[in-house]
There are 2 protein chains.
Amino acid sequence: MTKFEVTILGSSSATPAHHRYPTAQIVNYNQKYYMIDCGEGAQFQLSRYGFGYNKIDYIFISHLHGDHYLGLVGLISSMHLNGRSTELFIAGPPELLEIIEIQLKYSQTVLRYPLKFVPTQTNHPEIIFKNSEFEVETIILDHRIPCTGFLFRELPRGRRIIKEYIKQFNISPEYIPLIKGGADYTLPDGEVLPNAVLTIEPPKPRAYAYCSDTIMNMSILDQINGVDLLYHEATFLHDLQQRAADTFHTTARQAGEIATMAKAQKLIIGHFSARYRDLLPHLEECQTQFVNSFLAKEGFTFEVGDQ
Amino acid sequence: MTKFEVTILGSSSATPAHHRYPTAQIVNYNQKYYMIDCGEGAQFQLSRYGFGYNKIDYIFISHLHGDHYLGLVGLISSMHLNGRSTELFIAGPPELLEIIEIQLKYSQTVLRYPLKFVPTQTNHPEIIFKNSEFEVETIILDHRIPCTGFLFRELPRGRRIIKEYIKQFNISPEYIPLIKGGADYTLPDGEVLPNAVLTIEPPKPRAYAYCSDTIMNMSILDQINGVDLLYHEATFLHDLQQRAADTFHTTARQAGEIATMAKAQKLIIGHFSARYRDLLPHLEECQTQFVNSFLAKEGFTFEVGDQ
């Protein structure tokens, strides 16, 4: 099965504390790295956990609170100084490009590599990246400023041909794509082998939903329904439910409720307020609603689906 | 003697490596903290070494290469979130204000404290800060983009009255400022105590010069002559002298030469290129020119003058 996993580089909310870093994650899909958010110090965390700067070709920024993007210009600059020549894709709020460009301008830096910027908007979800294996769709979150999550979703695959039959029935290579596409196969003696015999169901496409920062938001449930892995912010414990609402954040209990309603398989909670040193209460509170819950922690890797 | 010392928060040049952070320093003068440069992660380093965010009221930024200021917006934001209400003074290139303001604007942050910005220029040195104890003057450096160093210089003090004589000769308090100002004192019997008997020389004003980033630059020598402590960048070893010149940086050997020519008392070298893991060769090369040399290292504190 193709590798599909998420490594946490930062689990902190706005003010870094207790050795927790601001938000950043790496999605490793088939040994290619996709970065989600890039808080201050993300480049240090990449080094610490063994991710080479220049293996990252795609960066997705959720919103323009500093704890989600202040590491970006430093990373762009380090890629430049480390001799990068290949294109870097960045998706994020339109104003992010202005923030990047003004800093490159005043440092008189002309990047040695192309930067492709894709602006996101918060009117409706849109697919902002697609390759032959998966696509990334925005999730419209409800925060103090425009903010999107990101849904990494594998594309459906064709049925898989049973390799042993290729040899046994001497199926010539030009027929294989046809069979994968659903065709039956007729043997030289006229006997027809039905497609359902020759092939098996492809694995169910897996999905990872990243939701930070947001007030508890039911409107995302349809879109994230049944995801294999859900990351959801849980800035506060539920006794600060009112504060969470006032600041457009979520409590650990609410994150568990969202995971249950979305029929997610597994939940990671993160974006913890600096007021909490010990995070076990977050996990316990979340598990009252959704058992298969985990705490985001710097350097920890979570698999998407069963591998 | 009033405390006057410098703590290194970051010793790295442009790309952080080998657990070295981008440039930032704290000058502790009489238990007040003055920050010089604020590279990415400076707020983490402040916490690590026990400097409270809100004990910093003055920040001096040398130039707009990211490794010298990318930690600033995160620090400004953390001060805001930690309830700061007192003014924050920032001096730096004029464009820095635009960089700060655009990021506050797009994060919809209205600071809870006043921010006082003092633009620096690179035409000639100027005093950009002064209180009753010391002043800060810019040093015009020669780098790829406009860059200033900073000279922290104690103000000359009046002669110090010998306390025992106040009691012995029953000198009334209103005369003490006059004596400190140079007056003699006439006893009731008409005998005159000369000022030179009653007072002693004040301690020599101390000075700290911060010089990063720059090509080897003789034009600063007059200004930094005789400083108690000199920080000078030493990005490369001298075998890369040409590369240092091309990139407007200095070698360890050249930093030692500058310290000798400036008749400095003590030298710290820093801003080390990521290509060097081991820094002992920097120290050895520098000491061939100036013996009293030290390596900048995260968390290390250096006294300014004899204390």
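Along the chain as shown, the residues are counted starting at 1.
Using N, Cα and C of the backbone, Cβ positions are placed for all residues, glycine too.
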Listed in TrEMBL for the Zn(2+) 2 site shared with B:D67, B:H68, B:D213, one of B:H124, B:H271: B:H271
Tertiary neighbours of B:H63 (Zn(2+) 1 binding site) (same chain, Cβ under 8 Å, six or more apart): B:Y69, B:G92, B:P93, B:L141, B:H143, B:I145, B:P146, B:C147, B:T148, B:D213
Subset of B:H65, B:H68, B:H143, B:D213, B:H271 (binding-site residues) with C-beta under 8 Å from chain A: B:H65
Chain-mates of B:D67, B:H68, B:D213, B:H271 with C-beta within 8 Å of site centroid, Zn(2+) 2: B:S13, B:A14, B:P22, B:T23, B:D37, B:G39, B:S62, B:H63, B:H65, B:S212, B:E233
Chain-mates of B:H63, B:H65, B:H143, B:D213 with C-beta within 8 Å of site centroid, Zn(2+) 1: B:S62, B:L64, B:H68, B:L141, B:R144, B:I145, B:C147, B:S212, B:T214, B:F248
B:H65 (Zn(2+) 1 binding site) versus B:H271 (Zn(2+) 2 binding site) - Cα distance in angstrom: 13
